[in-house]
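Undergrad: Below is one structure. I have some questions about it.
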Amino acid sequence: MAKLWRLVRLNLRAMLHSLQIGSGKSKKAGKVTGYGALLLLAALAVYIAGVYSFMFAALLGEVGMIDYLIPLMAILGCGLSVVMTIQAASGFIFSGKDSDLMLSLPVSAFSVMLSRITALYIENLLFIGVFMVTSGVAAITQGAGGAGFMAALLVCTLLLTFLTTLITTVIAFAVSWLTAHFPGQKLLGTLLYFAVFILIMVGAFQLNNVGTLLLQNQEAFDSLLSSWLLPFGLMKRGLAGDIAAVLLLAALSVLPFLAIVWLFSSQYKKVLSALSARTVRNDYKLGELKASGQFMTLFRREVKRYFGTSIYFFNTGFGAVTLVVAAAFACFGYRAAIPYVEAFAPLVGGMEMVCGLAVLAIGFFSTTICTTCVSISLEGKTFWILKEAPVSPKTYFSSKIAVNLLVAWPSVLLCTVPLGVVYGVDPVTLAASVFVLLALGLLVALYGLAVNLLFPKMDAPNDTIVVKQSVSALIGALGGWVILAAAVGGYFLFGRLMPVAGYMAVWGVLFLVLSAAVWGWLLKGGAKRLRQLD
């Protein structure tokens, strides 16, 4: 037991280490950064649960169905937790670089496997626990609960997290196995995570209708809680005081969890070997090798890495996918949407303001397309090869910025131009909209590269840590929203002195000026910083 506890602590420290700034030279800074990321995860859980639980609580409380709130939010919280940790589980449990070292220690494979899944369980428990406590508060405000309600909620949450971790582990193994054993495994992995993203999008669009659907189909939902969603049905009964339901939930959650741990641990070495194996090809053919310049060589290399690394594409490309999909829906649904647009326009000051709000929404998603904020960190231990190569920092930086623009600019154009044409936006406003969004995309690409130079993560054990849990990735994702917030604040102060199109043009010019300043720093301070990295 003592060895198991030490392994759990070791894996938890490894998770915190993966969140630290730089290359791990400061243990204190690493802990602060790791705990800060955990606090951010908890804040995200509070925000999502707060928005939906209080909305559903008000709706269900009016019709006397508040006891359905907790099962409903538990389904949502567990689903989000699975989606958020699949890739991390795949890298942490099934492809960690220290697996051979851990298995060579005088501990059983069962202990190694259990310690890693326990660390994953704790990460899931943080999100689900905060999520469900927030939902419990929303339920109490509508009169739910009684003596021991919160205590029962915490116990059920602990048990459901076992089931969530089990599902995450199984899916992560399936994804790891598929991407390791099929031809074109990198592309397959990207497509798998793209499919998951589409499912998330569909679920998000339908989430606001869940309350109405529950009211209209209560019997069908009860049937689901007694069959396919039995653990959540047992949770509902347990919160009502049914001790037997809680015990059955414990059996359905903990026993399969331990069974899966035993199953994987008994074959853990074989599983890791199978996932890391590669098929040797013998179909090489002699052909002409085409020469190209330094920029094109680096650019093609970056493009191949971007589209061949599923977690990289999934995290930084979802904004582009969202823009294109949303524009397609809005254009094909023009006849149904135009009455709502015309009714909304007088409320905000006319069609010009509607266009401004649309540009703000497009800008919100376009700022999430920041491939450069992790592009240097992804070089990892092979970075020394580029440092020794006769490539100038300007060429190196340009290749990474070009990939960001390759993803951001076409998606912005494919969203903005069709929407402007279909909904009859005047040419001047449409041109100003395109100009400010393209300028914003350039600024995001440049500052993302600067952020990665200032906060590199060159010693990450895998790409997942870099893309999802590094400081530069966090700043890159949130920095664009700060820029948009400044633009919105400026409009309330000065924007009403000019047309919306003029205000967007002014900010477009400002974005270009800031881009020039960041580019100037990259060529001087950035080049110096690049030489210092190791």
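Glycine too: its Cβ is placed from the backbone N, Cα and C atoms.
A TrEMBL annotation is a machine prediction, not a hand-curated record.
Heads up, here are the entries from TrEMBL:
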- 35-60: transmembrane segment (TRANSMEM)
- 72-96: transmembrane segment (TRANSMEM)
- 117-141: transmembrane segment (TRANSMEM)
- 147-175: transmembrane segment (TRANSMEM)
- 187-207: transmembrane segment (TRANSMEM)
- 243-264: transmembrane segment (TRANSMEM)
- 311-337: transmembrane segment (TRANSMEM)
- 401-424: transmembrane segment (TRANSMEM)
- 430-450: transmembrane segment (TRANSMEM)
- 471-494: transmembrane segment (TRANSMEM)
- 500-523: transmembrane segment (TRANSMEM)
Undergrad: Could you tell me whether the transmembrane segment (243-264) and the transmembrane segment (311-337) have 3+ CB pairs under 8 A, leaving out pairs under 6 positions apart?
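TA: When sequence-distant Cβ pairs are counted, the transmembrane segment (243-264) does not touch the transmembrane segment (311-337), since fewer than 3 lie under 8 Å.
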Undergrad: Tally Cβ pairs under 8 Å between the transmembrane segment (117-141) and each listed stretch (35-60, 72-96, 243-264, 471-494), then give the stretch with the top tally.
TA: 35-60
Undergrad: Which stretch, 35-60, 243-264, 401-424, 471-494, tops the Cβ pairs under 8 Å count with the transmembrane segment (72-96)?
TA: 35-60
